[in-house]
Amino acid sequence: MLFNINEKGEPLVISFAPFLSPEAIKHLQENERCSDQSQKRTAQQIEAIYTSGQNILVSASAGSGKTFVMVERILDKILRGVSIDRLFISTFTVKAATELRERIENKLYSQIAQTTDFQMKVYLTEQLQSLCQADIGTMDAFAQKVVSRYGYSIGISSQFRIMQDKAEQGVLKQEVFSKLFSEFMNQKEAPVFRALVKNFSGNCKDTSAFRELVYTCYSFSQSTENPKIWLQENFLSAAKTYQRLEDIPDHDIELLLLAMQDTANQLRDVTDMEDYGQLTKAGSRSAKYTKHLTIIEKLSDWVRDFKCLYGKAGLDRLIRDVTGLIPSGNYVTVSKVKYPVFKTLHQKLKQFRHLETILMYQKDCFPLLEQLQDFVLAFSEAYLAVKIQESAFEFSDIAHFAIKILEENTDIRQSYQQHYHEVMVDEYQDNNHMQERLLTLLSNGHNRFMVGDIKQSIYRFRQADPQIFNQKFRDYQKKPEQGKVILLKENFRSQSEVLNVSNAVFSHLMDESVGDVLYDEQHQLIAGSHAQTVPYLDRRAQLLLYNSDKDDGNAPSDSEGISFSEVTIVAKEIIKLHNDKGVPFEDITLLVSSRTRNDIISHTFNQYGIPIVTDGGQQNYLKSVEVMVMLDTLRTINNPRNDYALVALLRSPMFAFDEDDLARIALQKDNELDKDCLYDKIQRAVIGRGAHPELIHDTLLGKLNVFLKTLKSWRRYAKLGSLYDLIWKIFNDRFYFDFVASQAKAEQAQANLYALALRANQFEKSGYKGLYRFIKMIDKVLETQNDLADVEVAAPKQAVNLMTIHKSKGLQFPYVFILNCDKRFSMTDIHKSFILNRQHGIGIKYLADIKGLLGETTLNSVKVSMETLPYQLNKQELRLATLSEQMRLLYVAMTRAEKKVYFIGKASKSKSQEITDPKKLDKLLPLALREQLLTFQDWLLAIADIFSTEDLYFDVRFIEDSDLTQESVGRLQTPQLLNPDDLKDNRQSETIARALDMLEAVSQLNANYEAAIHLPTVRTPSQLKAAYEPLLEPIGVDIIEKSSRSLSDFTLPHFSKKAKVEASHIGSALHQLMQVLPLSKPINQQTLLDALRGIDSNEEVKTALDLKKIESFFCDTSLGQFFQTYQKHLYREAPFAILKVDPISQEEYVLRGIIDAYFLFDDHIVLVDYKTDKYKQPIELKKRYQQQLELYAEALTQTYKLPVTKRYLVLMGGGKPEIVEV
């Protein structure tokens, strides 16, 4: 029940329907099942929408309508009296939050239109108005709200900013690291610390590897609930626990014994084959058969009697025995077919070799790890202190502050728990432990609603942990009193061809060991409508493999990028779809695993005329060719003796010196100088005093003179003008901005150059001045291996989409091509010198000196890198986690398709026919095999091989070079734009002649009106201040009563230790204050403070305003009192526009500006302008701004047809306010 007030002030009572009981939900499900609606809600969707009063975990498979369920549940809550602001709704991205908010808004509008109850309309309208304030957003956004509101409780200012720029973070980290590193190198335990650094960096001079280790440990800790506690208690957990053979986890022993038994079973299967050759011609057992029987018998015995014969303490002995028993090769050959019987066991043995030696030396690395723990803790504290000082934080800092606020303040925590009716989370499978802790603190323990799909958890690189979802799933199934699990299995997106192949692949591939979930019946995809089950034979999934037999047979299949042949296969299929099926390009999407090395796709598609839109690449703004050319130009202007930058500028299209030119210049050295820079050689070449003046011909001399003249003008301008103007002068002088417009990706290149000028402008506005500092800042960003954000440009709509699998999540496309299926999964992390694990902490490779094991030797030391036991433990878990995420990536990619999915790869046809496994023992691929295979393609081929008797719903086709000829690929059919029978089409010469005439006419016009071409259409009084004097006659003028101004904001790293307040910001704040100051009240400090709160400036700027000086102006000067006396005649901050004529080109242009204040009387006008400039004598500013006030007076006179009798400058930049009449 809710009370509202009507127009007469009378209470309106709204009675809401109660939440549905389980019986009512079942009744609703039955009614829906029996209804004749074309699109019915499933029973599980209804259950997820209406179940209340308990924790709910919704496991929503791909395309099952989870967003629909969330929106319907939110609407149902609202209709039952739960205000939208009492729901906490967390989304994974800002974009998802915006889309969800829009859907709720549309539902509310629809509900208002359908409702006839006036009271309900009022209530729903209120909900609509509250929607923009509701807590619908990312966890980061909510954490910012909490800290902004309650940060004071833990000593954090509410006036903070978020450091989203990686470059800024990198610079601050580097400063903290360098200072801390110096301190540790000079402490008491310095020898141990030096040994630690050498273990990772090789020496103490190059600290890059050690620095990366510290940064990674810090970042990893930030994803935990409490970074400090994790570093103190968990960081060395495995190092303290696993120090003996007996400490090896049982699971690892079980995997080894399983591999031994599997090997024995496989070998027995092979020996039982008819063609194996058990007997010799004489009828006795063959030597091979006898040897293999011995292996089978001993492996089986050792597995069965492991505890009696060996136990954990004897594990090292078992490894030696098994290694000595089995052959060194992986294969057993029968009738020329190779069976990889021993391959898996060899890999397992490799994991356990040298354990005894490793454990002997492992204890020596523990003091190093303690030093690392101390350093990372100190770094975390020091880095946070710097951020607090700057009042600039990362998102993880804000989340931890929010957790701390809620943990340490019971009243604040309880207020949130009481306020929120329900805590809803989308994409729950991608939460990390920090976010989970925050959600737990917001919930009252029985009001959580979590939606996700563990099969789509693909953000481990953001420290997302799918086990959070998994643990909830298990807990709620075992203990229903804790919460309810609801499965959404019906897929409403894809045709049966896509659903069937997805089920076939993952039922053989995914389980809890690899994939983190058993892909059984409760997780399989089911068509949600009859229309999806209609078969289309031409939409069967295709695994298209380029046959690499004719390539270099030893070429690795794990190349980073996709091959030209694979892209050609894709182009051929797209041309066929477009020509034969009429499929529009925008219905086709190419999915890749990463955003790099995809240029060959765009290049090949351009050759075939297929339009394509790419997702871009990594941030490479500063590495784009056009930006690098401009940066080298700026470096040369700053220091012409920088040879690298100078050569780059000379070779650039701006001056186009070739190798021959540079060689001739390089020979113009001074024999008396040992070192001679290129700039000096250029100067000697011009005056003919080089070592070989005869090499400088007239053409080259002319180019050199032009270069030196241009460079000289740029260097002179750099001392006088702004960076922004300098960059545009370079563009205009050498036509570089126009040049890039003629190159590939012209729009992107021009956007990059334009952004460079804007970023330079923003840099100077942030408090830094000068070319040198700008270059230094850019170089510092590059040193930290960071970059600035890329510039986005509009993309064509009718084109094939190319994007990463991660980017495609949540989207759907009719036709999907999964490219580069032969690319090996990135296992870089498992080969690093350290591996981190949330439970076990850190495991490292230890650089041990094993000189003592070698006896007498002349060597000073023998260093060997050893994988410590904690490292091996973490490595195995990381390997499985990586494979699991890759498996889920494949699931996400396949389930994006609506109609058909293609897999594109490259393989040797002859090698692929080797038997993967002699016998299938289960519905799943053997675990050892799944761990061993490292590409999507390998998984698919193994499934096709082992389960060949089943219908797997995809075909494997090898494509030969003969299938990829120009004739075989074909070409796009484009509409005929011209009539071939029309004779006018043959008059090409006439058309070309006409075009040339037009170009000539344009050139003549450009010459005649050159001044007008370079004339801006809009100018400001400031730009005209020193341009054209005296002022020429105006033609038209108008005063604009109301206007809004918008400022473009381009963010660059801010490196200052203390916030710098710009004079321009103070001036802007003063003008705002003078505009809003109420003159009807007495002007005093309180009046000014009240008005100051209403202006749009930060606190530093407000604090910098001298309110006493403003008060003095109104109280102590006659003009200030004039303001208060004649306030009814006063107009403040009035924009104007005036049409003027350029004295050179005689072209018209618009002059715009804003008049600070003027008094309009019946017969005259008084003009006032405020200035905050610093000055020595008032006459300086009078001369500086006289012309500007003349322009203002002229605009007023033309508008009102009245004379401006008085013009005043109010000077606020001195010790006291001064009034100057102009």
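Note that Cβ sites are derived from N, Cα and C of the backbone, with glycine treated the same way.
As recorded in Swiss-Prot:
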type    : residues                                               : note
BINDING : ALA60, SER61, ALA62, GLY63, SER64, GLY65, LYS66, THR67 : ATP binding site
DOMAIN  : 39-495                                                 : domain 'UvrD-like helicase ATP-binding'
DOMAIN  : 524-810                                                : domain 'UvrD-like helicase C-terminal'
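In three-state terms derived from DSSP, ALA60 (ATP binding site) belongs to an extended strand segment. When secondary structure is read from DSSP and collapsed to three states, LYS66 (ATP binding site) falls in the helix class.
Around SER64 (ATP binding site), the same-chain residues six or more apart in sequence whose CB sits under 8 Å from its CB are LEU488, LYS489, GLU490, ASN491, PHE492, GLY528, listed in sequence order. Counting only residues at least six positions away in the same chain, the Cβ atoms of ASN491, PHE492, ARG493, SER494, LEU525, GLY528, GLN812, THR895 sit under 8 Å from the Cβ of GLY63 (ATP binding site). Taking all protein chains in view, 24 other C-beta atoms sit within 10 angstroms of the C-beta of SER61 (ATP binding site). Here the binding-site residues are ALA60, ALA62; the one with the fewest Cβ atoms within 10 Å of its Cβ is ALA62. When pLDDT is averaged over the domain 'UvrD-like helicase C-terminal' (524-810), the result is 85. For LYS66 (ATP binding site), the number of other Cβ atoms no farther than 10 Å from its own Cβ, over all displayed protein chains, is 22.
In this structure, the binding-site residues GLY65, THR67 were compared by how many other Cβ atoms lie within 10 Å of their Cβ, and the smallest count belongs to THR67. Summary of the ATP site environment: with the site residues ALA60, SER61, ALA62, GLY63, SER64, GLY65, LYS66, THR67 set aside, the chain residues having Cβ atoms within 8 Å of the Cβ mean position are ASP453, LEU488, ASN491, PHE492, ARG493.
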